[in-house]
Amino acid sequence: MLSIHSIKAQNTKKLLVIYTKEAYLKSVKEDTNKALVLLKKYVPSIKLDIKYATSQNIFYQKLYPKAVAYVRLPVAKALAKVQEELKSKGLSLKIYDAYRPYSVTVQMFDMLPDTLYMGLPWTGSKHNRGIALDLTLVNLKTRKELKMPTPFDALVYASHPEFPLVSDEAKQNRELLKDIMKKHGFVVDPMEWWHFNYKSNTNFEILDLPFKTFE
Ligand SMILES: [Zn+2]
(Lines of atoms letter the chains of each structure in order from A and count residues from 1; the text may use other names and numbers.)
(Lines give C-alpha, C1' and ligand atoms only; values in the text may rest on other atoms or scores of the structure.)
Protein backbone atom coordinates (compact mmCIF):
# COMPACT_ATOMS: atom_id res chain seq x y z
CA MET A 1 0.00 0.00 0.00
CA LEU A 2 2.74 2.43 0.90
CA SER A 3 4.50 1.97 -2.42
CA ILE A 4 1.37 2.90 -4.40
CA HIS A 5 0.97 6.05 -2.36
CA SER A 6 4.56 7.15 -2.70
CA ILE A 7 4.55 6.54 -6.46
CA LYS A 8 1.49 8.72 -6.81
CA ALA A 9 2.65 11.28 -4.27
CA GLN A 10 3.62 13.87 -6.88
CA ASN A 11 0.12 13.72 -8.38
CA THR A 12 -1.77 13.81 -5.12
CA LYS A 13 0.09 16.57 -3.32
CA LYS A 14 -3.05 18.61 -2.78
CA LEU A 15 -5.40 15.70 -2.35
CA LEU A 16 -6.62 15.13 1.17
CA VAL A 17 -6.93 11.41 1.75
CA ILE A 18 -7.90 9.76 5.02
CA TYR A 19 -5.68 6.74 5.54
CA THR A 20 -6.34 5.85 9.17
CA LYS A 21 -9.34 4.54 11.03
CA GLU A 22 -8.68 7.11 13.78
CA ALA A 23 -8.91 10.04 11.35
CA TYR A 24 -12.09 8.57 9.84
CA LEU A 25 -13.71 8.11 13.27
CA LYS A 26 -12.77 11.67 14.20
CA SER A 27 -14.50 12.95 11.05
CA VAL A 28 -17.64 10.95 11.94
CA LYS A 29 -17.59 12.32 15.47
CA GLU A 30 -17.62 15.84 14.02
CA ASP A 31 -20.34 15.01 11.49
CA THR A 32 -22.41 11.84 11.91
CA ASN A 33 -23.44 12.03 8.24
CA LYS A 34 -19.89 11.02 7.39
CA ALA A 35 -20.45 7.47 8.68
CA LEU A 36 -20.01 4.80 6.04
CA VAL A 37 -22.87 2.37 6.44
CA LEU A 38 -23.64 -1.01 4.99
CA LEU A 39 -26.20 -0.26 2.29
CA LYS A 40 -27.99 -3.59 2.83
CA LYS A 41 -28.72 -2.55 6.41
CA TYR A 42 -30.61 0.56 5.28
CA VAL A 43 -32.11 -0.93 2.13
CA PRO A 44 -32.44 -4.69 2.81
CA SER A 45 -34.25 -5.36 -0.49
CA ILE A 46 -31.49 -3.83 -2.65
CA LYS A 47 -29.73 -6.23 -5.02
CA LEU A 48 -25.95 -6.44 -5.16
CA ASP A 49 -23.77 -7.50 -8.06
CA ILE A 50 -20.43 -6.07 -6.99
CA LYS A 51 -18.42 -6.50 -10.17
CA TYR A 52 -15.00 -5.70 -8.69
CA ALA A 53 -15.43 -8.45 -6.11
CA THR A 54 -15.38 -10.89 -9.05
CA SER A 55 -13.17 -11.25 -12.12
CA GLN A 56 -16.17 -10.41 -14.35
CA ASN A 57 -15.09 -6.81 -14.93
CA ILE A 58 -13.04 -4.77 -17.41
CA PHE A 59 -9.85 -5.66 -15.52
CA TYR A 60 -10.58 -9.41 -15.51
CA GLN A 61 -9.52 -9.53 -11.89
CA LYS A 62 -10.91 -9.45 -8.42
CA LEU A 63 -10.11 -6.09 -6.82
CA TYR A 64 -12.26 -6.32 -3.68
CA PRO A 65 -11.99 -9.04 -1.01
CA LYS A 66 -15.76 -9.00 -0.41
CA ALA A 67 -18.96 -8.24 -2.30
CA VAL A 68 -20.23 -5.41 -0.12
CA ALA A 69 -21.62 -1.93 -0.69
CA TYR A 70 -20.79 0.86 1.75
CA VAL A 71 -22.04 4.45 1.35
CA ARG A 72 -22.24 7.57 3.51
CA LEU A 73 -25.32 7.73 5.72
CA PRO A 74 -27.35 10.33 3.73
CA VAL A 75 -26.70 8.35 0.54
CA ALA A 76 -28.15 5.20 2.12
CA LYS A 77 -31.23 7.15 3.22
CA ALA A 78 -31.72 8.59 -0.27
CA LEU A 79 -31.36 5.18 -1.88
CA ALA A 80 -33.98 3.79 0.50
CA LYS A 81 -36.41 6.34 -0.96
CA VAL A 82 -35.46 5.44 -4.52
CA GLN A 83 -35.98 1.75 -3.75
CA GLU A 84 -39.37 2.42 -2.13
CA GLU A 85 -40.56 4.25 -5.23
CA LEU A 86 -39.22 1.54 -7.54
CA LYS A 87 -41.00 -1.16 -5.56
CA SER A 88 -44.35 0.32 -6.51
CA LYS A 89 -43.34 -0.18 -10.15
CA GLY A 90 -42.23 -3.80 -9.57
CA LEU A 91 -38.57 -2.79 -9.85
CA SER A 92 -35.43 -2.72 -7.71
CA LEU A 93 -31.99 -1.16 -7.79
CA LYS A 94 -29.02 -3.41 -8.40
CA ILE A 95 -25.65 -2.08 -7.24
CA TYR A 96 -22.48 -2.76 -9.23
CA ASP A 97 -20.21 -0.60 -7.10
CA ALA A 98 -20.40 1.82 -4.18
CA TYR A 99 -17.56 2.96 -1.87
CA ARG A 100 -14.20 2.12 -3.39
CA PRO A 101 -10.95 2.53 -1.42
CA TYR A 102 -8.68 5.17 -2.98
CA SER A 103 -5.81 2.73 -3.52
CA VAL A 104 -8.12 0.63 -5.74
CA THR A 105 -8.79 3.69 -7.94
CA VAL A 106 -5.01 4.17 -8.24
CA GLN A 107 -4.58 0.48 -9.08
CA MET A 108 -7.35 0.69 -11.73
CA PHE A 109 -5.80 3.72 -13.39
CA ASP A 110 -2.40 2.01 -13.50
CA MET A 111 -4.03 -0.89 -15.35
CA LEU A 112 -6.19 1.27 -17.62
CA PRO A 113 -4.89 4.86 -17.85
CA ASP A 114 -7.94 6.30 -19.60
CA THR A 115 -8.52 9.91 -18.59
CA LEU A 116 -12.01 9.99 -20.12
CA TYR A 117 -13.69 7.14 -18.28
CA MET A 118 -11.50 6.23 -15.33
CA GLY A 119 -11.45 7.72 -11.85
CA LEU A 120 -8.33 9.89 -11.82
CA PRO A 121 -5.75 9.34 -9.08
CA TRP A 122 -4.94 13.05 -8.88
CA THR A 123 -8.53 14.07 -8.17
CA GLY A 124 -9.88 10.86 -6.69
CA SER A 125 -13.28 9.41 -7.59
CA LYS A 126 -16.56 10.18 -5.84
CA HIS A 127 -16.59 6.43 -5.18
CA ASN A 128 -13.61 7.08 -2.89
CA ARG A 129 -15.75 9.61 -1.02
CA GLY A 130 -18.60 7.14 -0.47
CA ILE A 131 -21.09 9.22 -2.43
CA ALA A 132 -21.07 7.54 -5.86
CA LEU A 133 -22.83 4.44 -7.11
CA ASP A 134 -22.79 2.32 -10.20
CA LEU A 135 -26.18 0.73 -10.57
CA THR A 136 -29.02 -0.43 -12.78
CA LEU A 137 -32.64 -1.56 -12.55
CA VAL A 138 -33.97 -5.09 -12.20
CA ASN A 139 -37.46 -6.50 -12.56
CA LEU A 140 -38.58 -7.86 -9.19
CA LYS A 141 -40.56 -10.70 -10.74
CA THR A 142 -38.06 -11.99 -13.30
CA ARG A 143 -35.00 -10.78 -11.30
CA LYS A 144 -33.53 -9.80 -14.64
CA GLU A 145 -31.82 -6.52 -15.44
CA LEU A 146 -33.87 -4.08 -17.48
CA LYS A 147 -32.56 -3.47 -20.96
CA MET A 148 -30.12 -0.53 -20.95
CA PRO A 149 -28.09 1.08 -23.78
CA THR A 150 -24.90 -0.83 -22.85
CA PRO A 151 -23.59 -3.21 -20.22
CA PHE A 152 -21.89 -1.76 -17.11
CA ASP A 153 -18.38 -0.34 -17.74
CA ALA A 154 -18.71 -0.36 -21.55
CA LEU A 155 -16.29 2.40 -22.60
CA VAL A 156 -18.28 3.47 -25.67
CA TYR A 157 -20.34 6.46 -26.79
CA ALA A 158 -23.58 4.59 -26.16
CA SER A 159 -22.72 4.71 -22.44
CA HIS A 160 -23.18 8.47 -22.41
CA PRO A 161 -26.45 9.14 -20.56
CA GLU A 162 -27.79 11.37 -23.35
CA PHE A 163 -26.70 9.19 -26.26
CA PRO A 164 -29.67 9.26 -28.67
CA LEU A 165 -29.09 6.25 -30.91
CA VAL A 166 -30.39 3.50 -28.65
CA SER A 167 -33.51 1.36 -28.80
CA ASP A 168 -36.78 2.80 -27.46
CA GLU A 169 -36.84 0.21 -24.70
CA ALA A 170 -33.28 0.95 -23.54
CA LYS A 171 -33.92 4.69 -23.71
CA GLN A 172 -37.12 4.40 -21.69
CA ASN A 173 -35.37 2.38 -18.97
CA ARG A 174 -32.36 4.68 -18.87
CA GLU A 175 -34.61 7.76 -18.58
CA LEU A 176 -36.63 6.12 -15.80
CA LEU A 177 -33.42 5.42 -13.86
CA LYS A 178 -32.13 8.96 -14.42
CA ASP A 179 -35.45 10.57 -13.43
CA ILE A 180 -35.90 8.61 -10.23
CA MET A 181 -32.28 9.08 -9.13
CA LYS A 182 -32.46 12.81 -9.86
CA LYS A 183 -35.66 13.12 -7.86
CA HIS A 184 -33.86 11.77 -4.79
CA GLY A 185 -30.73 13.93 -5.03
CA PHE A 186 -28.40 12.18 -7.45
CA VAL A 187 -26.68 13.46 -10.59
CA VAL A 188 -25.83 11.14 -13.45
CA ASP A 189 -22.25 11.07 -14.70
CA PRO A 190 -21.85 12.79 -18.13
CA MET A 191 -20.06 9.71 -19.54
CA GLU A 192 -21.77 6.73 -17.88
CA TRP A 193 -25.51 6.08 -17.60
CA TRP A 194 -24.89 3.71 -14.63
CA HIS A 195 -22.85 6.14 -12.47
CA PHE A 196 -24.59 8.54 -10.07
CA ASN A 197 -23.14 11.05 -7.61
CA TYR A 198 -25.02 12.17 -4.52
CA LYS A 199 -25.38 15.95 -4.42
CA SER A 200 -24.28 17.48 -1.13
CA ASN A 201 -22.59 20.56 0.28
CA THR A 202 -20.67 18.43 2.76
CA ASN A 203 -17.03 17.76 1.96
CA PHE A 204 -16.91 13.99 2.17
CA GLU A 205 -13.20 13.21 2.28
CA ILE A 206 -11.48 10.68 0.06
CA LEU A 207 -10.91 7.52 2.07
CA ASP A 208 -8.33 4.84 1.64
CA LEU A 209 -9.60 2.35 4.15
CA PRO A 210 -10.51 -1.29 3.59
CA PHE A 211 -14.14 -2.43 3.94
CA LYS A 212 -13.42 -4.16 7.23
CA THR A 213 -12.79 -0.73 8.83
CA PHE A 214 -16.54 -0.10 8.76
CA GLU A 215 -17.78 -3.48 10.01
ZN1 LIG B 1 -18.85 4.71 -11.05
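Yeah, the Cβs are placed from backbone N, Cα and C, and that goes for glycine too.
If you look up TrEMBL, you'll see Glu192 marked as active site, proton donor/acceptor. TrEMBL lists His127, Asp134, His195 with the feature Zn(2+) binding site. Annotation source TrEMBL lists site 'Transition state stabilizer' at Arg100.
Neighbour count (other Cβ atoms within 10 Å of the Cβ, all protein chains): 26 for His195 (Zn(2+) binding site). Counting other CB atoms no more than 10 Å from each candidate's CB, the recorded positions Asp134, Glu192 peak at Asp134.
Selection of the recorded positions Arg100, Asp134, His195 by a Cβ distance under 6 Å from ligand 1 yields, in sequence order, Asp134, His195. The residue listed as 'active site, proton donor/acceptor' falls outside any helix or strand according to DSSP and counts as coil. On a Cα basis, Arg100 (site 'Transition state stabilizer') lies 5 Å away from His127 (Zn(2+) binding site). Residues His127, Asp134, His195 make up the record's Zn(2+) site, and a Cβ search at 8 Å around their centroid adds Tyr96, Asp97, Ala98, Arg100, Ser125, Lys126, Ala132, Leu133, Leu135, Asp189, Glu192, Trp194, Phe196 from the same chain. Asp134 (Zn(2+) binding site) is 9 Å away from Glu192 (active site, proton donor/acceptor) when you measure Cα to Cα. A distance of 11 Å separates the Cα atom of Asp134 (Zn(2+) binding site) from that of Arg100 (site 'Transition state stabilizer'). Each residue contributes its Cα atom, and for His195 (Zn(2+) binding site) and Arg100 (site 'Transition state stabilizer') those atoms are 13 Å apart.
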